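Here is what Swiss-Prot records for this protein:
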TRANSMEM  4-24  transmembrane segment
DOMAIN    15-139  domain 'EamA 1'
TRANSMEM  31-51  transmembrane segment
TRANSMEM  68-88  transmembrane segment
TRANSMEM  95-115  transmembrane segment
TRANSMEM  120-140  transmembrane segment
TRANSMEM  146-166  transmembrane segment
DOMAIN    161-287  domain 'EamA 2'
TRANSMEM  177-197  transmembrane segment
TRANSMEM  214-234  transmembrane segment
TRANSMEM  242-262  transmembrane segment
TRANSMEM  272-292  transmembrane segment
Amino acid sequence: MHKIIIIMLFFLVSITWGTTWIAMKIAVETIPPFFATGIRFLAASPLLIILSYLTKKPLLFPYGQRRFQIFISIFYFSIPFTLMLYGGSYVNSSISSIIFANMPVLVLIISHFYLKKKINFIQKVGMVIALITLFFVLLIDLKSECFFQWKGILALLLALLSHAVIYVECQKKSCNVSVITFNALPSLISGIFLSIISWFIESPNINFFSTRSILAVFYLGNFCGICGILSYFYLQKRVSSFYASIVFLIFPLIAGFLEIYIYKKTILLYELWFIIPSGLGILLTLIPINFFKNIIRFSK
């Protein structure tokens, strides 16, 4: 039964993260990014607050960390998720997902410089492979599109950096609040904040919103935003972070194939070839220090 639960959680996380990028692209077809992100969080927050009540999880962070909760609302939710939708309107889903698949690599680099975390030789090799692969993927993609989508790529890289920094800062502050507490109130704050900003700078016209864009926003909020996040954190509790993070290797493939199916796009050959070294590099950065020692000990 335990193995079945793990497989189901792994499958659910892979599907939700893989479909997130195509849903973002559909959402911004007719809805401005600020407004789409705001409604996404406003749709998710009531369910998260209800879950908080049912599970008796506090909405507020512990004393001494409540300013950090506001900081998270802005720099983990409001800004990066808006940048992700904005970037997704320029960049295809497969490239967007490849960029975010490098999250473990960036977290490791920031942890090394900010928390003085040790990096073993295998992880260093993985970092080099992953970063070089990402560089060439972005360079080739930019050249193929005549550098049209550079704003989108920059937005996605900034969103990636913001998420990685907050993740490392949570480690530094020993922020061990439940996943529901982490998401519930910041989602509500971000939803209100972004919706207000949108009315001033985007002037959204609901009459122009397509049905599929509206459905995509609610899918992002109620399914990806709740099921995906909760499933990933529960998966981390049942298996090591190394095995849980293998999801980062799977969801770019799902995003790529969905884009082919929905938008009838042909996947470029270089994208297929670069998946192998990119996945290898990310996998090597996730390997814990004692992994090979345990293998050698077991073989003896």
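For all residues, glycine too, the Cβ spot is worked out from N, Cα and C.
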Positions whose Cβ lies under 8 angstroms from the transmembrane segment (146-166), at least six residues beyond its ends: 71-72, 75-76, 79-81, 83-84, 86-91, 95-96, 99-100, 102-103, 106-107, 110, 138
Cβ-Cβ under 8 Å with the transmembrane segment (4-24): same-chain residues at least 6 beyond its ends: 84-85, 88, 93, 96-97, 216, 219-220, 223-224, 227-228, 231-232, 234-235, 238-239, 246-247, 250-255, 258-259, 262
Closest-packing stretch to the transmembrane segment (214-234), where packing means Cβ pairs under 8 Å, from 31-51, 68-88, 95-115, 242-262: 31-51
For the transmembrane segment (95-115), sequence-distant contacts whose Cβ falls under 8 Å of one of its Cβ atoms, 6 or more beyond its ends: 17-18, 21, 24, 84, 87-88, 123, 126-127, 130-131, 134, 137-138, 141, 153, 156-157, 160-161, 163-165, 167-168, 171-172, 245, 248-249, 251-252, 255-256, 271, 274-275, 278-279, 281-282, 285-286
Beyond the flanks of the transmembrane segment (31-51) by at least 6 residues, Cβ under 8 Å: 57, 59, 77-78, 81-82, 85-86, 89, 180, 183-185, 187-188, 190-199, 201-202, 204, 209, 213-214, 217-218, 220-222, 225-226
Long-range Cβ neighbours of the transmembrane segment (68-88) (under 8 Å; 6 or more residues past either end): 21, 24-25, 27-28, 33-34, 36-37, 40-41, 60-61, 96, 151-156, 158-160, 162-163, 165-166, 169, 173, 175, 182, 185-187, 189-190, 193-194
Within-chain partners of the transmembrane segment (242-262) [C-beta distance under 8 Å, separation at least 6 from its ends]: 10, 13-15, 17-22, 25-26, 92-94, 96-98, 101, 103-104, 232, 235-236, 271, 275, 279, 282-283, 286-288, 291
Cβ contacts under 8 Å made by the transmembrane segment (177-197) with residues that lie 6+ beyond its boundaries: 34-35, 37-45, 48-49, 51-52, 55, 57-62, 65, 69-70, 72-74, 76-78, 81-82, 225-226, 229-230, 233
